[in-house]
Amino acid sequence: MEFNLSRIPNSAEMFDRFRSETWSFVVLILVVLLTIFTVCLYIEALVFLHRRFEFGSRRGYLIYICGVFPVHSVTSFIGLCIPTASFACNFLADMYIAMALYALLLLMTDLFGGLDETVRALSETAIPLRQPPCCCCVCLPSVNFNKRMFHRIRVGMLQYIIVLPIVVLVPALLWVDQLNQPSQSSGIYSTIEIPATVINALSTLTAIYSIMLLFRASRAPLRRFQLPGQFVSVQLVLVLVNFQRVILTILIRLNVVECIQPLHCTSDLVLKTLLNLLILFEMPLIMLGNRIVIQRWIRSGTNTQCFQPDVKADAEGGKHICLPPSENNHNDGAFDNKAISGTDPDLSTLV
């Protein structure tokens, strides 16, 4: 069967293209199975956290962070099968991981017992500013952690949530506009696509740098909470998706990759198809690693603890549990983040 590979296919034609070749049909079956596996793994983690995790707020942050992997898998699969929805799917996945980064910051603060406890615990910690992606800047000094430093870190992460819709939605609207009636929008889209990708990459690196500063300061005191595993899993998704997007954009613009027979020969769709396939193959592995980290955390028993100077011993097991935050801990109005909560948090307040 002959297909017009320069035309944007609908979902029915896209499935016909997948079935037209043996290798593409095998790939389709494989990505379907991987997507189902990732979603099932997330559902299992969801049930496990609700049964074994007693802290409502902490459990909510973990559930949201674990959702990064199935969200990327499902949106990538939809974008692969429905090319016209690829921009919307990428936007949803990017926005979700931006919110997950902020949830990771809230989780770190929750493990300390609140903002004031975080500042108090890290007040004598010198944070080297020479962190990735600025690890080559040897002139950067070390600074002491304080409340102002925390708010700067928070702003560095929130800017990603603000910049992302602009650099993703504007190219998306221009791309959709040029589908039905090629016009001046086509030239504008080609002009702003690479700058938008670069701005997105810089904004992403700023968010990574911000959370890296807090992580390096918190890594030692929060080591028993399996924090490195949670941090690495989210950062790995963020870095992989954006790094692969930039590399594929450069390769396609240099005509290194021009066509994927029998799927697409349009440069934009070739880029999105390759990116979606890579994400679909990567997410199950990262989700599995994250699930193992959570299992280790629960087995260690530290899910009922937090890092606070005021602790009391549990009469039965000799473990330490958190005392409720003091009444005068107002967190300067930034957010109310208590260490112990009996109810699930409203994740809409993450922004």
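Residue numbering: from 1, along the chain as shown.
For all residues, glycine too, the Cβ spot is worked out from N, Cα and C.
If you check TrEMBL, you get these features:
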REGION    327-351  region 'Disordered'
TRANSMEM  23-49  transmembrane segment
TRANSMEM  61-85  transmembrane segment
TRANSMEM  91-112  transmembrane segment
TRANSMEM  157-176  transmembrane segment
TRANSMEM  196-215  transmembrane segment
TRANSMEM  236-254  transmembrane segment
TRANSMEM  274-294  transmembrane segment
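Proximity of the transmembrane segment (23-49) to the transmembrane segment (274-294) is established through 3 or more Cβ-Cβ distances under 8 Å for residue pairs spaced 6 or more apart. Beyond the transmembrane segment (274-294), the same-chain residues lying 6 or more positions past its ends with a Cβ under 8 Å from any Cβ of the stretch are 27, 31, 34-35, 37-38, 41-42, 44-45, 48-49, 62, 65-66, 69-70, 72-73, 76-77, 79-80, 86, 90, 226, 229-230, 233, 236-237, 240-241, 244-245, 248, 257, 260. Looking at which of 91-112, 196-215, 236-254 has the most CB pairs under 8 Å to the transmembrane segment (61-85), the answer is the stretch 91-112.
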